[in-house]
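Taken from TrEMBL, the feature compositional bias 'Basic and acidic residues' covers 1-41. The annotation region 'Disordered' is assigned in TrEMBL to 1-51. The transmembrane segment feature in TrEMBL is assigned to 73-92, 98-121, 128-145, 172-190, 197-219, 225-251, 263-283, 289-310.
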Amino acid sequence: MTELRHRGATDKELQHQNSEDKGSETEAKERDGASDNETKADPGVPEVSVTADDTPEVLNKALSGLSSRWKNWWVRGILTLAMISFFFFIIYLGPMVLMMIVLCVQIKCFHEIIMIGYSVYHSYHLPWFRTLSWYFLLCVNYFFYGETVTDYFFTLVQREEPLRILSKYHRFISFALYLTGFCMFVLSLVKKHYRLQFYMFGWTHVTLLIVVTQSHLIIHNLFEGMIWFIVPISCVICNDIMAYMFGFFFGRTPLIKLSPKKTWEGFIGGFFSTIVFGILTTVKLYPFQIHSIALSSFASIMGPFGGFFASGFKRAFKIKDFANTIPGHGGIMDRFDCQYLMATFVNVYIASFIRGPNPSKVIQQLLALRPDQQLHIFNSLKAHLTEKGLLPALEEAA
């Protein structure tokens, strides 16, 4: 009996051990499945086709003896120098050319993102998707550029009767244009594609928010002075280059899963290099050095998160780049993902710490009033200056 009890106990222990082994195997499988799911795309999201190698044939032949790692380094380096040269060239051409370039970059970035959506869901043959996307881009640009022209060129606009009418009813016209597109979208709804059409409607509007709104802020920064355009963009460029260099030569510690090639060594090296760059480029422009430190700090600490956001977006659709416009770099959006975030910060920074009341805008608003309103403001201002004791002094000086 004792032996039977012992055997029974032993059998129970073996069963318990086997159940624990099965449980551990199940947990291991679940962990393996979870890790596999991280590497696999969402089965509900179609995959975008992978673009072919876009490196020019001349560079391919010249760098044919190098490994893929060093070949990519040289391609990126050569194209980076070319883009920096182009950047200084358009600065030399002046503000108007810069604004046109910003508009062209905005349109190309919008095109790249919209084409990803169209490529992913092309098989559904959604009615009017691309047409409405470009129509909404036109409406939003009409609104933003109209606001800018009215704000900064008020005197010129008031001289021409057609421009004055367009300026007066600008927001109503902008709303009417958007409402037309909205009605077109509603009329295009197809019963079997409702969810997908609303998804792509949201896709278009989020793209407009990210690309068009922030590119408009770049133009606003430009109107505040060329230095608010050159220094922030240069800081982002410096951080991109130096982070890549430090990461290429010294990178060992992964920084974030969204961008496996990003390292802590590159992040830290880019930070200190950008701070030094920001100070050196404005060493003779005190007190702008203080602002430069703030700009370079944001460019090196928070700016990369624009790139991480773009990386997450690309990984969601299993694509390497937004496009293959620039060999070794990808699309235009791949180069401007951090710039857009930087432009928003600069605009907020100027509005919070730099910009004060603008007398010219006050005068513009006064000139738009009726004569009786202008006279009332004149008398009120005269009484205020007289009370302060400033008006007699001004009269004596005159």
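Backbone N, Cα and C define each Cβ position, glycine as well.
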Interface present between the transmembrane segment (197-219) and the transmembrane segment (98-121) (three or more C-beta pairs under 8 A): yes
Stretch of maximal Cβ-Cβ contact with the transmembrane segment (263-283) [cut-off: under 8 Å; candidates 73-92, 128-145, 225-251, 289-310]: 225-251
